[in-house]
């Protein structure tokens, strides 16, 4: 049986599954978790611990049709001032709940479009974070940047704020594809931004490419990959476009009859992966690539790679604090999520309370399954001794669950007395789904390829 036939038999080309940035996934959060639980978990962070901070900026100048994230459009800067004031108030509340001496390991601004903020607001937000969390330790500071909304003044502000890593979504440079997904972005503008960021001291550049887009062909994707490589990124992500119009209403604007089918999506991914690998990048997880020496690749090689709501990470912090509308925080004991609507978020913050509206308290079984899913997604293997120790369970429990996975996927994994090893990384999401006890209708998720 060929590799293609094996992948087809296991349903890779037609199945849908969560991306497992968390377990359980956010759609299974419940309203039993509120501000009191968030405050309690913040207070339980150990003195002097390192935590990560995620800041969500939900605003965009225009809404890209392919995007399934929680965003809202604004043609003016008017809503930005009020939102920044809310972020500052939330930061103060969180800082007051944390023990003294908590430090930041990583800061990430996501969205939406964080670089919609004017230069003065970029500086103001960075200064406010520094006010409560000393940046003297030099945490990694990354921002999702939109080349269409960056000028020299904003780039200078980002550099002065200490930006160390910029992440740019390319999607596809082909004008026909861009027109079909409601996203215009020229290679020339992208190249200028990449060079300008480096000139102000931003040393790391990450690029995201999407495959599976309407009208995308092998030739157009080859050209996009070549142009992306010309920018000399430190990391590249090759994501499959998630067509979920039932969840992201704007995606109804995308012509479904011109979307590639499952086998074609796999062919596009495989081709692009080969091109990226030939350029000297090594694969990390199921959809990332990094240069030798990069921290993400090092984490992959030494077994410390992790998953979070930004995807793959080398961040070892046990706590991520999310601020802003819809942002998610993670703690050893569970997850919390802020109100998704900016109006509800504003009501909570202006009333002087945390904006938590949902979350999940982890059970011992959740913690075990979360650990095994992360092992599958990050290491394509489950080491029985290591997994049982980290999850705090008997090794026999892990061995039993691994044996069940092996029975279901015997042709693509090897079971030894010490470990389960997956030979087809592309199937890791499907195997993770087998471990998921919070099942939902499969059409709620994106294709597994």
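Glycine too: its Cβ is placed from the backbone N, Cα and C atoms.
Remember, predicted model here, so these are calculated numbers, not experimental data.
As written in TrEMBL, here are the features:
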| type | residues | note |
| --- | --- | --- |
| DOMAIN | 45-279 | domain 'Radical SAM core' |
| BINDING | 54, 111, 144, 328 | S-adenosyl-L-methionine 1 binding site |
| BINDING | 60, 64, 67 | [4Fe-4S] cluster binding site |
| BINDING | 66, 67, 68, 112, 113, 171, 183, 208, 242 | S-adenosyl-L-methionine 2 binding site |
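Residue 144 (S-adenosyl-L-methionine 1 binding site) has its Cα within 10 Å of the Cα of none of the binding-site residues 60, 64, 66, 67. Averaged across the domain 'Radical SAM core' (45-279), pLDDT in this predicted model comes to 94. Comment: S-adenosyl-L-methionine 1 site residues 54, 111, 144, 328; largest CA to CA distance 17 Å, whole number. A straight line from the CA of residue 60 ([4Fe-4S] cluster binding site) to the CA of residue 66 (S-adenosyl-L-methionine 2 binding site) spans 14 Å. Taking residue 64 ([4Fe-4S] cluster binding site) as the reference point, the binding-site residues whose C-alpha atoms are within 10 Å of its C-alpha, out of 54, 111, 113, 183, 242, 328, are 183. Sorted by the number of other CB atoms within 10 A, the binding-site residues 68, 111, 144, 183 start with 68, the lowest. The CA atom of residue 242 (S-adenosyl-L-methionine 2 binding site) is located 9 Å away from the CA atom of residue 67 ([4Fe-4S] cluster binding site). Here the Cα atom of residue 68 (S-adenosyl-L-methionine 2 binding site) is found 11 Å from that of residue 111 (S-adenosyl-L-methionine 1 binding site). Long-range C-beta contacts of residue 67 ([4Fe-4S] cluster binding site), restricted to its own chain and to partners at least six residues apart, with a cutoff below 8 Å, comprise 248, 250.
For the [4Fe-4S] cluster site, the Cβ centre of 60, 64, 67 serves as reference, and the other residues of the chain with Cβ at most 8 Å from it are 62, 63, 65, 66, 69, 71, 113, 182, 183, 250. Counting only residues at least six positions away in the same chain, the Cβ atoms of 171, 181, 182, 183, 210, 213, 241, 251, 254 sit under 8 Å from the Cβ of residue 66 (S-adenosyl-L-methionine 2 binding site). Geometry remark: residue 113 (S-adenosyl-L-methionine 2 binding site) versus residue 54 (S-adenosyl-L-methionine 1 binding site), CA distance 14 Å. Reduced to three states, the DSSP call for residue 68 (S-adenosyl-L-methionine 2 binding site) is coil. Residue environment of residue 64 ([4Fe-4S] cluster binding site) contains 21 other Cβ atoms, counted within 10 Å of its Cβ in all protein chains.
The most crowded of the binding-site residues listed here (60, 113, 242) is 113, judged by how many other CB atoms sit within 10 Å of its own CB.
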